[in-house]
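Per TrEMBL, the features are as follows:
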- 1-354: domain 'Major facilitator superfamily (MFS) profile' (DOMAIN)
- 7-25: transmembrane segment (TRANSMEM)
- 69-87: transmembrane segment (TRANSMEM)
- 93-116: transmembrane segment (TRANSMEM)
- 128-146: transmembrane segment (TRANSMEM)
- 152-171: transmembrane segment (TRANSMEM)
- 187-205: transmembrane segment (TRANSMEM)
- 225-244: transmembrane segment (TRANSMEM)
- 251-270: transmembrane segment (TRANSMEM)
- 330-348: transmembrane segment (TRANSMEM)
Amino acid sequence: MNGKRIFFARIIYAIQWFYLAPLLPSIIEKYSLPLSFAGLVPLSFFIGSGSMQLPSAFIASKIGLRRSLVSGLLIMSLSPLLVYFSGSFLQLLLSYMLAGVGASLFFSSGGGLLVLLNKDRPSTALGIYNSLFSLGGLLGLNWILLERYLGFISFALISLMTLFSSVLCYLDKSDLKPNWNVVRDKRIFYLGLSTAGVWGVYYVIGELFPTFSLYYLHISLVSSSEFTGLLLLSSMLGGSLGFLGDKVGKLRLFLISSILGTVPSLLLYTQAFLPAIFIVGIFNELAISVLYSLTTSIAKEGSSIGLAEVNTIDILLGMSLQPIGSFSGYFIWIVNLLIAMALTSFLFKLRLRI
């Protein structure tokens with residue numbers, strides 16, 4: 001499998017998605033804020049990442065995929081230091097949003113280069129790409145163990161590792177300037193719509209199920225970080241199954257994994273919530289891996305543009321399921337599943353066009 005430097009960078013990149021999650025209580029305490037403000041921290045990252053996906057892809061079409069992903073990693077390397085030295089909550093949000101902007105430059109460019117380097121096994125490469133994101137996420141969730149003993153050094157270490165990964169990727173001379181015109185292909189737009197609900201259900205479970213279980217199931221879960229860890233572990237397994245996209249029909253696998261990655265969420269109303277979470281994690285990640293493979297098979301030399309487009313739709317539209325779920329109360333999983341299934345139905349419109 002080619003692209004090992006990109007795979008390594010993907011792990012370091014993923015750490016920055018999650019390393020602040022266990023620190024949210026201390027952040028809220030440090031700035032004397034109400035608990036409801038905690039959600040603004042991950043939201044700032046998503047805003048930076050989601051809003052800049054397509055602009056970043058356009059930049060990549062001008063400067064090339066390698067320079068784009070290296071630039072993204074360089075920007076991300078600044079964020080942990082700025083977060084640590086933030087003098088106000090607003091500065092912290094802007095500093096973490098900067099990491100999201102850098103992430104947008106890295107993600108689609110890294111995926112596009114992997115497809116270029118592994119033309120014979122794109123689904124396998126992108127499945128590993130996703131699986132390693134989950135591995136990096138687990139490292140990020142446990143970064144608090146270093147932070148407790150090392151303080152500033154733990155933040156500096158993330159910056160240095162990100163900087164090191166950018167140097168490694170810069171030394172890899174593989175490159176391509178993707179075709180921006182791919183953004184006009186409606187099939188990619190429909191692909192993004194069809195998985196926005198799948199992406200959103202996973203995100204909502206990770207964010208809201210610990211609270212739901214406490215208020216409605218009267219179960220006090222361990223910590224939300226450990227719960228998210230279970231999701232990430234199952235996602236690692238799902239990503240590793242991405243090779244199936246190179247062996248069986250992608251559309252059929254995509255549909256089946258999308259259904260199995262969302263419908264079991266109804267079991268979150270029962271005591272079988274742990275198996276449900278595990279099943280959702282596996283098949284949700286498999287669905288996203290196959291989505292990326294389908295996108296690259298349509299976009300070809302514009303793969304990074306296509307990946308940026310579907311990711312933009314998934315993040316910005318998928319995030320909307322969180323406030324909808326919050327307002328739905330006890331019916332959160334039913335409402336989110338109905339929305340996800342409605343969005344997945346766009347796959348049948350795509351089937352007529354592929």
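In case you wondered, yes, glycine gets a Cβ from its N, Cα and C as well.
Any TrEMBL annotation is an automated prediction that lacks curation.
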Counting CB pairs under 8 Å, which listed stretch among 7-25, 128-146, 152-171, 251-270, 330-348 touches the transmembrane segment (69-87) the most?
152-171
Considering pairs 6 or more residues apart, do the transmembrane segment (251-270) and the transmembrane segment (187-205) have at least three CB pairs under 8 Å?
yes
